[in-house]
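> If you scroll down you'll find the structure; I have some questions about it.
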């Protein structure tokens, strides 16, 4: 093998190793409908971000990890009343590879924040939570936060990536945004909620007439 070829192969291997390391270190979240993310969260609030500060992740002097502590102004709480009355701070990992969230701390932009409440009462948020600028939410999503999403927490939302795609249980709704629009947060995510009916089955609702059946169930043509 010539010196030039050896150098080229070494460079390619080095690049591949670096790329693999980047992929391993990157944050990865399973796709989930906004309703599912809200149902899985202990806390759901609307808030402004007043300031941010980098703080230690724990009191352990040997722990070198950092957190970003966002000071917030809570505007409205949709979920979490039984554990917290008012939230002053939320915490997120400093590193994006650990799913840390970067928010605009200018006391102007409003966010929908969802997250978990730790045993010490701290609120933890990360990229796998549903965190969106408030103005980016549809009117239907904003209305669903009050009660509609939580009415469907007993339902199962299944993502459809290809046909055939059909329900396997009565309490299941098929999420077809990727199949129809080739994006996850499309029309269905922005305008519909999967609600459990009195007979125990689940179906998509928009707050008006139910969507057409072919929009609910995608199967082999």
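Using N, Cα and C of the backbone, Cβ positions are placed for all residues, glycine too.
Quick paste from TrEMBL:
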SIGNAL    1-26  signal peptide
DISULFID  27-99  disulfide bond
DOMAIN    27-153  domain 'NTR'
BINDING   27  Zn(2+) binding site
DISULFID  29-128  disulfide bond
DISULFID  39-153  disulfide bond
DISULFID  155-202  disulfide bond
DISULFID  160-165  disulfide bond
DISULFID  173-194  disulfide bond
> Reported in the order helix, strand, coil, what are the DSSP residue counts of the domain 'NTR' (27-153)?
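Summed over the domain 'NTR' (27-153), the classes give 23 helix, 45 strand, 59 coil.
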> When you rank 39, 99, 165, 194, 202 by Cα distance to residue 29 (disulfide bond), which of the disulfide-bonded residues ends up on top as the closest?
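Of the disulfide-bonded residues 39, 99, 165, 194, 202, 99 has its Cα closest to that of residue 29 (disulfide bond).
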> Which disulfide-bonded residues (27, 99, 128, 160, 165, 173) fall within 10 Å of residue 153 (disulfide bond) by Cα distance?
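Of 27, 99, 128, 160, 165, 173, within range: none.
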> Given the disulfide-bonded residues 39, 99, 155, 160, 165, which one's Cα is the least distant from that of residue 173 (disulfide bond)?
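Its closest listed neighbour, by Cα, is 155.
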> Looking at the disulfide-bonded residues 27, 99, 128, 155, whose Cα is closest in space to that of residue 39 (disulfide bond)?
155
> Given the disulfide-bonded residues 128, 153, 194, 202, which one's Cβ is surrounded by the fewest other Cβ atoms within 10 Å?
153
> Tell me which of the disulfide-bonded residues 128, 155, 194 ends up closest to residue 99 (disulfide bond) in space, Cα to Cα.
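So, spelling it out, the nearest of the disulfide-bonded residues is 128.
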> Output, ordered by sequence, the same-chain residues six or more apart from residue 27 (disulfide bond) with a CB under 8 Å from its CB, or 'none'.
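Long-range Cβ contacts: 96, 97, 98, 99, 100, 126, 127, 128.
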> In whole Å, how far is residue 194 (disulfide bond) from residue 160 (disulfide bond) when you measure between their Cα atoms?
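Their Cα atoms are separated by 15 Å.
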> Within 10 Å of each Cβ, count the other Cβ atoms, then let me know which of the disulfide-bonded residues 29, 39, 155, 165 comes out lowest.
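Lowest Cβ count within 10 Å among the disulfide-bonded residues (29, 39, 155, 165) is 29.
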> Over all shown protein chains, what is the count of other CB atoms within 10 A of the CB belonging to residue 99 (disulfide bond)?
17
> If you count the C-beta atoms lying within 10 Å of each candidate's C-beta, which of the disulfide-bonded residues 160, 173 ends up with the smallest number?
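Taking 160, 173 as the disulfide-bonded residues, the minimal 10 Å Cβ count falls on 160.
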> Mean pLDDT for the domain 'NTR' (27-153), rounded to an integer?
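Mean per-residue confidence for the domain 'NTR' (27-153): 94 out of 100.
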